[in-house]
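Structure first, commentary second.
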């Protein structure tokens, strides 16, 4: 399929193949996540300075891409990644002019080069459309869990609700019902134009380029001569503007260098040579002999008896403290136990009352509520597994353990209804938020 364009009746040497265009699009799509990953790594070291930048990454990246792409469209005639593949953009004609292109390539280039209005239209396609697509995808993914919670979390606003609630409701309706169809139409239109371009039935490989009347072509000798002349004129000028132009032009060298470094690191960490070096480095380490607690001097291989017996003494002291705490808890009154339970319990943000919870089980096979072996396992949204009847009754507030506890504490405690029995966190969707586990 790579040679299909060359098998057509009319051969156009300046028309790029579909696979060149797809490679360029893949490279352009890899830049945002790569920059985001590098920024995330740096933010972990310098969160004070870079946390706000990371939170506003999409907007700042779109602004930086707008500056870089505008410079490359004005000086190179193509986007940043298109220039890396030797491609350019030009205004599309109703008919081809092969004779004029062969006789006067410089004049044809000047006649078809992008005008200022064309540059802004292409910036809208290169920067604006991907930014809008990323935002819509993120909003759709964020709304997907809410759509699965049931009708209780998707109710329409009341008649007297503020306009923000009404707008948010209709926005969620758009993301849930309309956007999947729009997303499918987006990819289907791109696929249709790609197939039409592959079989030489269209001069555009993208519907957006068709809308703005721009097509992608291979760079000719006239384009390279024009770029060299432009760089020579920029080198003669002095000032901050020429320095900025040189820095933006130097990005074309940074991209292939970074790709080479990335591929080299990928090969290095996947090769056996790197594993052998790391293994040899680990073998050369001279580790001290271990110190075993409870052995006399010299038996541990390096530590004295005092150091060896220190962990045992600490354990014995810890056991004595635990026994003292248990004896004190047995001696305290019921009021003191109630006060300590209130201090340990989570507090509701709305009622400011302590929430009744149960301790986590020592064994993962036990249900925290009934303290027996789990039957008909069900997972809560907090990740804790219960018996399905136990957690279902707990969320509805009808479990016997809840009723017994709340018999004398009504108005002083929250029963834990609608919350996780161990953590006390609110379970979205109530019983609909439970997930049965099939083993």
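Residue 1 is the first one shown; counting continues down the chain.
Glycine too: its Cβ is placed from the backbone N, Cα and C atoms.
Note that this is a predicted model, so its numbers are computed, not measured.
Topology check against Swiss-Prot: residue 11 and residue 156 carry distinct topological domain names and occupy opposite sides of the membrane. Check Swiss-Prot against the ranges 116-149, 218-251 and you find transmembrane segment recorded for 116-149. With helix defined as DSSP H, G or I and strand as E or B, the zinc finger (366-439) counts 20 helix, 15 strand, 39 coil. Beyond the ends of the topological domain 'Peroxisomal matrix' (75-115), by six or more residues, the same chain brings 12, 14, 16, 20-21, 23-24, 27-28, 31, 68-69, 122, 126, 203-204, 213-223, 225-227, 230, 245, 249, 251-252, 255-256 to within a C-beta distance below 8 angstroms of the stretch. Note on the topological domain 'Cytoplasmic' (46-49): none of the residues of its chain located 6 or more positions outside it place their CB under 8 angstroms from a CB of the stretch.
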